[in-house]
Amino acid sequence: MEKEEDNAVISTDDEPVINYAGVKAMLFIIGNEAFEKLGTIGTLSNLMVYLTTVFNMKSVTAATLINIFSGTSNMAPLLGAFLSDSYFGRYKTLAFSSISSLLGMIVLMLTAAISKLHPPHVCATKNSSTCVRPTPWQLAFLLAGFSVLIIGAGGIRPCNLAFGADQFNPETESGKRGIRSFFNWYYFTFTFAIMISVTFIIYVQSNISWAIGFAIPTCLMFIACALFFLGSRLYVKVKPTGSPLLSVAQVVVAATKKRRLKLPHSREFSLFNYVPSTSLNSKLPYTDQFRFLDKAAIITAEDQINPNGSAANPWKLCSMQQVEEVKCLARIIPIWASSIIFYVAIIQQHTYAVFQALQSDRSLGNSSFKVPAASYAVFTMLTVSLWIPIYDRVFVPSLQKRTGKDGGISLLQRMGIGIVLSALTMLVSGLVEEKRRNLALTMPTLGVAPKGGAISSMSGLWLIPQLALAGLSEAFNSIGQIEFYYKEFPENMRSIAGSLFFCGMAFSSYLSAFLVSIADRISERTRTGDWLSEDLNKGRLDYFYYMIAALGVLNFGYFFVCAKWYKYKGS
């Protein structure tokens, strides 16, 4: 940790003094982050089991609801980033969103603690068709909790990392080291929170009490809010400067207005090329892709230039720097689209893999202890945590010597490997499910699962290969995506870059919900029967997995074409 003596910025006549608290502020932010992640992950990681066992929802209904909730939670940061950059600033956005997350957790805790807020639990001894489903009011109360949690996620996810980095002076060496230290501690607390959530908190929820299991993360979230507000006097609170999306809109509008004009032959030198001295963005060279956008920079007789060289009306005339920044976004979008199908495979490991665990032998050796079904997700996180240092310290140096590239391989190559591994994840998942189902139908079973259906004699440890592959695919693609967006987006759009990552996950959740719904409806009318039956032994979940694996193969072909076409920023 670095000291903060040289973190203060000396004021000028025009600028106020900025006192960077550095490590002192980071302690409050990291503490808030640790408890916030413990609270939210502890509340949401076992949600699939909660909806099917306490709210008596059908597995298809629960999976669809979680996919929609997850998708909306990941889409909300785009709006949160816009509001933070344009109107409220990161501090106010985080403050409001933290309180919203706390209120959402309180609502979910009440649905478990108060018997009138959830249906009576009678499914364990009766056929699932006789289950008492939640009333409209019970469902409305539950959805209200989800809605408030979505508001919280919309503000916290795009702002927490950037707000932490704001506390260090980026112009000093100690400030730069402090920023790197903050990112390291941030990801450490994220990993630690997942470890605690998928082990201790899920165990309490599954084996002791859902009310206590939700009360623990709610208390942790309260501590997170308290820590955040206690450090308020230390924080550097950057004022909003306006959304960079406004510049994007101006380029699109100006290019549309001038769509009938012909581009000059010497575009690099004939087009409007003003760059303000206060711009945060690096100067971009001219590229010949998306040439129709170049028309936004054509200077006509009607266009007026201000004395400082800027356009008098930015909705009619834009600089080539603005145009090239929009081209950066336009090149990224096709690459981003490939992440949608990629995450569909990962999502299944958080939904239907839990059902696989419920109908597998979850005991450890000869003991009576049973691993909570949702806790198997720890193997995904462990794989990521173990692989990253091995990759950075062993593979990257070796690959750098062979390829001469920074990082050993390009970011797009790294993302492509992740897509291949995601398809392999679904193939292995299908093979494991086929084995589990065959043992359940041909060998003695071990009782009845909480949601119904015989428990296969296959050990739940057979789920580790698919979960480990899912973690490995995330280590390649997800981390590659984050770095890719960070480097390829214009500098003033990096909060939007973080939001785009979550948007990809959002569309994946919606697509997953759509695929689940379509597969359920169509397979009901086939000879094989419903693939996604409540009782996995009566369904064909393996067919569903194979279908997603096939989509993954097609997705890799699409990504390969886009990657060959892509031009890196500044090239």
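Cβ from N, Cα, C; glycine included.
TrEMBL labels come from automatic prediction, so no person has curated them.
Checking the ranges 94-115, 314-335 against TrEMBL, the transmembrane segment annotation falls on 94-115. When each of the listed stretches 135-156, 373-391, 411-432, 496-519 is scored by C-beta pairs under 8 angstroms to the transmembrane segment (543-566), 411-432 comes out highest. Nonlocal intrachain contacts for the transmembrane segment (411-432), taken as residues 6+ away from its ends with a CB within less than 8 angstroms of a stretch CB, comprise 335, 338, 342, 345-346, 348-349, 353, 356, 462-463, 465-466, 469-470, 472-481, 483-484, 487, 542-543, 545-546, 548-549, 552-553, 555-556, 559-560, 563, 566. Listed as Cβ neighbours of the transmembrane segment (94-115) (distance under 8 Å, sequence separation of 6 or more from its ends, same chain) are residues 32, 36, 39-40, 43, 50, 54-55, 80, 88, 138, 141-142, 144-156, 159-160, 163, 209-211, 213-215, 217-218, 221-222, 224-225, 228-229. Sequence-remote contacts of a segment are chain residues at least 6 beyond its ends whose Cβ falls under 8 Å from one of its Cβ atoms, and for the transmembrane segment (60-82) they are 47-48, 51-52, 93, 97, 146, 149-151, 153-159, 243, 245, 347, 351-352, 495-496, 498-500, 502-510, 512-513, 516-517, 520, 532, 534.
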